Amino acid sequence: MTARIGVVTFPGSLDDRDSRRAIRLAGAEPVALWHKDKDLHQVDAVVLCGGFSYGDYLRAGAIARFSPVMDTVIEQAKAGLPVLGICNGFQILTEAHLLPGGMLGNDHLHFICRDQKLRVENADTAWTGDYTAGQEISIPLKNMDGRYVADRRTLDELEAEGRVAFRYVTDGEAADGYGNPNGSLNDIAGITNAAGNVVGLMPHPEHAVEPLIGTGRTDGLPFFTSILKKLVNA
Amino acid sequence: MSRTPLDTVEHAAGTPDVELPWAELGLKKDEYERVVEILGRRPTGAELAMYSVMWSEHCSYKSSKVHLRQFGEKAPESDAMLVGIGENAGVVDVGQGYAVTFKVESHNHPSYVEPYQGAATGVGGIVRDIIAMGARPVAVVDPLRFGAADHPDTKRVLPGVVAGIGGYGNCLGLPNIGGEVVFDACYQGNPLVNAGAIGVMRHEDIHLAKASGAGNKVILYGARTGGDGIGGASILASETFDDAKPSKRPAVQVGDPFQEKLLIECTLEAFREKLVVGIQDLGAAGLSCATSELASNGSGGMRVTLDDVPLRDSTLSPEEILMSESQERMCAVVEPGKVDRFLEICEKWDVIATVIGEVTDGDRLEIYWHGGKIVDVDPRTVAHDGPVYERPYARPDWQDALQADDANKLPRPQTSEELRDQVLKLVGSPNQASKQWITQQYDHFVQGNTVLAQPEDSGMIRIDEETGLGVAIATDGNGRYAKLDPYTGAQLALAEAYRNVATTGAKPLAVSDCLNFGSPEDPAVMWQFAEAVRGLADGCLQLGTPVTGGNVSLYNQTGEAAIHPTPVVAVLGVIDDVARRTPVAFQEEGQLLYLLGDTREEFGGSAWSQVVHDHLGGLPPAVDLERERLLGEILISASRDGMIDSAHDLSDGGLVQAVVESALLGGKGARLVVPDGLDAFTFLFSESAGRAVVAVPRSEELRFTDMCGVRGLPATRIGVVDGDTVELQGEFTLTLAELRETHEATIPALLA
């Protein structure tokens with residue numbers, strides 16, 4: 001048996017097809033979900049993909065959070081449905097208060113697209129079981145508003161509870177993808193909720209799943225195999 | 001409020017003596033008289049608006065047409081060509097039932113006036129051309145040229161252009177996989193912002209811009225029509241900038257990539273359900289262009305009610321509505337029975353769609369406003385029968401002196417130390433330096449099919465996940481070469497793009513071009529144009545790669561100073577399996593470096609002559625297209641049979657530039673030896689065409705050199721991939737760290 005993983009398409013979503021491909025390559029069944037449809041069609045997990053939902057008008061993720069599909073996603077995520085937010089999806093999750101903090105414009109004020117070194121800090125979430133804590137991975141980063149911020153108390157809480165899931169690795173040459181790419185506080189690239197079912201990150205694991213494509217690395221595939229294993233073994 | 005009566009056709013016929021502002025709209029006196037002759041009366045204001053935009057240089061190609069005909073007349077036999085010149089974009093068969101459409105266009109003038117929006121809407125326009133053919137856009141490329149890198153205005157124009165391209169293309173979800181960035185003082189005040197796009201479709205999905213079938217509905221969908229960009233491309237791109245005239249800012253369009261993304265998805269869904277008879281995007285000349293082209297390419301006439309056009313600004317006059325270049329609009333012709341479904345799909349994507357007219361069984365284009373008929377024309381006379389000029393042209397009197405100023409006689413480095421210094425100076429010069437600061441502002445991963453992206457020799461996209469079928473594209477141009485000899489310069493641009501495609505292992509199939517020149521009213525510029533077109537047409541015939549379409553941008557000059565003639569050539573190639581693509585980066589230490597082709601003392605127009613001597617003179621490198629074809633075949637065969645692990649074409653900057661790039665990208669150095677018969681300087685800096693450097697695994701050396709020997713391609717062993725330095729034996733050693741610092745620091749230091 002396999003698992004059904006939904007990918008929501010909002011107007012302006014860009015990486016929906018890529019996310020469905022990654023899910024398929026991991027061995028799960030991708031299911032296309034539509035923003036105007038409240039029904040999640042019995043999926044076992046949901047991916048909120050990258051892009052510019054609703055043109056990023058107002059603020060990245062701010063409008064998508066109020067779409068019909070999100071009502072159900074928010075409700076079910078609170079009940080334990082695994083949800084992964086990638087880039088714009090991460091922004092939507094913070095706007096929906098499923099994850100704390102928020103994203104501001106990159107400190108250098110430019111869009112940045114590059115292969116990025118990350119350290120897996122928490123390998124116990126629903127989406128990171130196939131990594132080991134401390135493992136360094138390289139996956140593409142591409143965004144305009146990727147600077148993670150939160151108030152001091154939230155940051156302390158995230159750190160204390162081990163909820164920083166991914167951190168930008170800073171001790172290496174920038175040419176090799178090291179370094180904090182946008183001024184994110186505590187070098188945070190991704191976080192999880194306390195239950196470990198909701199994870200958000202700015203870099204794009206779905207772009208690193210095939211040896212020939214993009215950077216040629218497959219460091220992002222374990223996101224999708226992790227959730228598949230978790231769902232199948234559940 | 002004035003109470004001027006509506007200028008209907010009837011009113012115009014009855015008031016022959018009314019003066020119309022034809023000169024302000026850019027028409028010449030004889031052109032206006034021709035309009036009156038065609039209509040048999042004076043035009044209405046609305047008709048005048050349509051003729052003036054459609055007969056502008058930008059839309060009518062009136063100065064270039066007589067030369068462009070060669071692309072058709074000299075077109076090589078090619079089975080690959082499915083749709084040729086004249087449609088929104090050409091379409092090429094790439095096998096397995098797939099067709100690819102691609103095109104390059106200019107957005108030069110708007111990008112100087114308003115860099116961000118100018119460049120952004122350039123991307124938007126070319127992408128709509130691709131959708132209008134029925135294809136899903138899969139990638140964009142951006143060949144860019146700016147004034148001197150250290151000129152203060154470059155710091156205004158370049159960051160805006162780059163942010164605009166990124167801001168628009170990234171939001172559309174199109175990977176940006178190639179292009180160029182070139183600096184030269186000649187582009188000060190006239191930057192060249194060319195934009196290319198590729199789209200993929202199945203053969204049966206090809207759509208054309210024609211309105212057939214009386215009773216079929218004409219649907220305008222996408223953004224509302226506003227006052228932005230009225231006469232934008234048609235006026236801006238058809239006149240020389242002149243300080244004395246008022247600001248052109250209101251003529252630049254403003255883009256909304258989110259709206260365009262919805263337009264893409266909704267159009268493709270309508271295509272999938274076979275709802276569309278004909279389709280046209282609204283670009284330059286807006287509704288004037290879309291209605292007259294759709295009507296004149298179809299079998300009947302067309303009736304349009306302008307009152308039904310959704311507006312952003314209700315005070316717009318009918319003339320303004322016809323001329324508006326508001327972005328993100330398309331026009332579809334749909335059978336009456338399918339209109340409801342079409343509108344439903346638009347609603348699904350939150351795209352406004354309105355029936356504004358229908359196809360008639362007559363042969364007139366009739367447009368109504370407030371119940372009055374304000375346009376009644378034969379659409380062909382608007383869209384296709386514009387004026388054609390045989391502009392006078394003459395070889396400029398300075399050409400001989402320029403060619404006599406031989407770059408081969410410039411002082412050359414005398415010591416190893418000088419040679420080493422000049423290498424560093426070259427790889428750190430703005431034109432040769434890494435453009436990563438620019439390209440990392442573009443998304444090259446989206447859609448998950450990018451096999452190669454800049455700084456590779458060509459961008460490559462997988463189009464079939466099962467079979468690995470892919471396409472490659474490279475764009476090249478060298479204004480310095482073309483200034484020295486426009487005929488040869490155009491062929492060198494073609495040769496380089498062709499070579500770049502072959503270097504990655506793909507087979508070159510077809511060509512698109514963007515021809516950027518100064519004012520056609522200057523006979524010297526017209527000569528450059530004529531020569532470049534002749535060179536390109538001859539070259540395409542010889543290489544068997546037909547021109548599928550393109551774009552001409554004239555009037556790229558400020559006052560008397562024209563830009564270098566700059567034909568930019570895009571070559572599209574196909575690769576049966578992207579798994580065998582050849583990258584630029586050195587892969588493995590110990591592999592042998594071979595130089596393919598002949599190296600001569602050719603420094604005219606070279607990067608070395610520019611960087612070290614700030615010199616432009618002499619003759620550009622000689623072109624041998626048969627050699628280019630042979631080199632291409634060898635590179636493709638070597639890729640297919642796994643004989644090479646990396647390859648890099650040699651062009652501006654010569655061998656040393658290529659080796660340094662391959663070394664830095666691979667993180668592996670090289671030990672080089674000057675081959676017999678060459679001196680170190682020529683070996684490093686010559687820009688002879690028809691060359692590439694390849695890295696051959698030792699196990700493949702014999703097979704590879706045998707192949708080159710049998711086919712008659714000179715292959716000279718010049719060194720080995722090794723260590724963390726680039727070393728020229730007996731001359732100098734440069735560490736990769738030093739090269740990287742030099743190569744990568746330049747652009748951020750100038751622009752960040």
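We number each residue from 1, going along the chain as drawn.
Even glycines carry a Cβ here, placed using N, Cα and C.
Just so you know, TrEMBL annotations never went through curation; they're auto-generated.
Taken from TrEMBL, the feature domain 'Phosphoribosylformylglycinamidine synthase linker' covers B:24-62. According to TrEMBL, the ATP binding site annotation covers B:TYR61, B:LYS103, B:ASP513, B:GLY550. As annotated by TrEMBL, domain 'PurM-like N-terminal' applies to B:86-201, B:456-575. TrEMBL lists B:GLU105, B:ASN551 with the feature Mg(2+) 1 binding site. Here TrEMBL flags B:SER106, B:HIS107, B:ASN108, B:HIS109, B:ARG128, B:GLN253, B:GLU325, B:SER326, B:GLN327, B:SER553 as substrate binding site. Per TrEMBL, Mg(2+) 2 binding site is recorded for B:ASP129, B:ASP281. Annotated domain 'PurM-like C-terminal' per TrEMBL: B:214-369, B:588-725, in sequence order.
Known features from TrEMBL, placed on the structure.
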| residue | record | DSSP (3 states) |
| --- | --- | --- |
| B:TYR61 | ATP binding site | coil |
| B:GLU105 | Mg(2+) 1 binding site | strand |
| B:ARG128 | substrate binding site | helix |
| B:ASP281 | Mg(2+) 2 binding site | strand |
| B:ASP513 | ATP binding site | strand |
| B:GLY550 | ATP binding site | strand |
Residue among binding-site residues B:SER106, B:ASN108, B:ARG128, B:GLU325, B:GLN327 with Cα closest to the Cα of B:GLY550 (ATP binding site):
B:SER106
Residue list, the domain 'Phosphoribosylformylglycinamidine synthase linker' (B:24-62) vs rest of chain: Cβ under 8 Å, 6 or more residues beyond ends.
7-9, 11-13, 15-16, 18, 68, 231, 233-235, 237-239, 284-286, 288-289, 292, 317-320, 322-323, 367, 369, 374-378, 381-383, 385-389, 520, 552, 554-555
By DSSP, what is the split of the domain 'PurM-like N-terminal' (B:86-201) into helix, strand and coil residues?
47 helix, 45 strand, 24 coil
Of the binding-site residues B:TYR61, B:ASP129, B:ASP513, which one sits closest to B:SER106 (substrate binding site) when you measure Cα to Cα?
B:ASP513
Quick check: of the binding-site residues listed here (B:TYR61, B:LYS103, B:GLU105, B:ASP281, B:ASN551), which one has the Cα closest to that of B:ARG128 (substrate binding site)?
B:ASP281
Integer Å distance between the CA atoms belonging to B:LYS103 (ATP binding site) and B:ASP129 (Mg(2+) 2 binding site):
8
Nearest by CA distance to B:GLU325 (substrate binding site): which of the binding-site residues is it, out of B:LYS103, B:GLU105, B:ASP281, B:ASN551?
B:ASP281
Densest Cβ neighbourhood among B:ASP129, B:GLU325 (binding-site residues), 10 Å radius:
B:GLU325
Taking Cα atoms as reference points, rank the binding-site residues B:TYR61, B:ASP281, B:ASN551 by distance from B:ASN108 (substrate binding site) and give the first.
B:ASN551
What are the sequence-distant neighbours of B:ASP513 (ATP binding site), meaning same chain, six or more residues apart, C-beta distance under 8 angstroms?
B:VAL104, B:LEU536, B:VAL547, B:GLY550, B:ASN551, B:PRO567, B:VAL568, B:VAL569, B:ALA570
Across the domain 'PurM-like N-terminal' (B:456-575), what does the pLDDT come to on average, as a whole number?
96
Over all pairs within B:SER106, B:HIS107, B:ASN108, B:HIS109, B:ARG128, B:GLN253, B:GLU325, B:SER326, B:GLN327, B:SER553, the annotated substrate binders, what is the largest Cα to Cα distance, rounded to whole Å?
21
Would you count the other CB atoms within 10 A of the CB of B:SER106 (substrate binding site), including those on all shown protein chains?
29
Just checking: which of B:TYR61, B:ASP281, B:GLN327 have a Cα that is within 10 Å of the Cα of B:GLU105 (Mg(2+) 1 binding site), counting only these binding-site residues?
none
Rounded to the nearest Å - Cα separation of B:GLN327 (substrate binding site) and B:ASP281 (Mg(2+) 2 binding site):
10
List the residues of the same chain that sit at least 6 positions away from B:TYR61 (ATP binding site) in sequence and have their Cβ under 8 Å from its Cβ, in sequence order, or write 'none'.
B:LEU68, B:VAL552
